[in-house]
Amino acid sequence: WEFMPTSMMAENWTRVSEFILLSFSSLPTEIQSLLFLTFLTIYLVTLMGNSLIILVTLADPMLHSPMYFFLRNLSFLEIGFNLVIVPKMLGTLIAQDTTISFTGCAAQMYFFFFFGVAECFLLATMAYDRYVAICSPLHYPILMNQRTRAKLAAASWFPGFPVATVQTTWLFSFPFCATNKVNHFFCDSPPVLRLVCADTAQFEIYAIVGTILVVMIPCLLILCSYTRIAAAILKIPSAKGKHKAFSTCSSHLLVVSLFYVSSSLTYFRPKSNNSPESKKLLSLSYTVVTPMLNPIIYSLRNNEVKNALTRTFHKALALRSHIL
């Protein structure tokens, strides 16, 4: 990226009232139709799966522990994440509705960052919850009482507000060049940044530092929690006890790995030379695929959730037959 002289910027600067999301427009129509059906299926599975997790953890008394309270918060986040990104992407694929207003683009970016940052810190909170449960099982109900878990959840959601506000308002205060084509399927920071015709060096430094803080602080908390968890598990004498302790953490570790690896590869280099198509694939992994996998991972690898789903299903059938 080369910055234009001030005189040229003044000539080429134009007030942008809307953006065009190029999305997957370079692909043939048949492939776009196939992508639409695939993403629509994933979207519906994501909404149903996360909604089911929320309903089951609320309805079943056996799942009123802190672990499932935080899992419910994660499902709320994943639903919000999907609602911000996927509907517009589906519109660009099936109806070729590629335009998005200036305000709409800013709003999409704001909520994307809000939910993304909140998820980083919530995953760290969930790791801390597992640490307390395994390393201090006798004090767990006292340490993770209702008031404490509410404070931890609020502390996880809150960082999203300042990060999203600063990042979005700063980026959209820049002048944009004549082109308004965003080479992505949503208004993400790196592709929108490429449309700016001004010196963005300070913003890029802020973006990298912000990414390091948002990713590394929760990541370090997760590593510290699991280092202590691993030490505690190794002290358990029976193999069965070790397996049970590890099984309560394996789902969370898998979700953390999926989310952090893909998002870090994108945001540590906001103007990297990677092809736009490779960045789109990376973005799909944490905006579309991971939110769908979370309820599947937590339900298939967790006997308590599977048993609760069975109980809830049987209750619903019994209620239906009683009404009929």
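Glycine is no exception: its Cβ is also placed from the backbone N, Cα and C atoms.
Database features (TrEMBL):
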TRANSMEM  34-58  transmembrane segment
DOMAIN    49-298  domain 'G-protein coupled receptors family 1 profile'
TRANSMEM  70-90  transmembrane segment
TRANSMEM  110-131  transmembrane segment
TRANSMEM  152-172  transmembrane segment
TRANSMEM  205-224  transmembrane segment
TRANSMEM  245-261  transmembrane segment
TRANSMEM  281-300  transmembrane segment
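Among residues of the same chain six or more beyond the transmembrane segment (245-261), those with a C-beta under 8 A of the stretch's C-beta atoms are 67, 74, 119-120, 123, 126-127, 130, 133-134, 215, 219, 222, 226, 229, 232-233, 236, 285-286, 289-290, 293-294, 297-298, 301-302.
110-131 is the stretch from 34-58, 70-90, 110-131, 152-172, 281-300 with the greatest number of Cβ pairs below 8 Å to the transmembrane segment (205-224). Residues 24, 27, 64, 68-69, 71-72, 75-76, 78-79, 82, 86-87, 89-90, 93-94, 288-289, 291-292, 294-296, 298-299, 305, 308-309, 312 of the same chain sit 6 or more residues outside the transmembrane segment (34-58) yet have a Cβ under 8 Å from a Cβ within it. Annotation: stretch 70-90 has the most Cβ pairs under 8 Å to the transmembrane segment (281-300), among 70-90, 110-131, 152-172. Sequence-distant contacts of the transmembrane segment (152-172), counting only residues of its own chain at least 6 positions beyond either end whose CB sits under 8 Å from a CB of the stretch, comprise 69-70, 73, 102, 105-106, 109-118, 121-122, 124-125, 128-129, 189, 192-193, 196, 203, 206-207, 210, 214. On the 0 to 100 pLDDT scale, the model's mean across the domain 'G-protein coupled receptors family 1 profile' (49-298) is 87.
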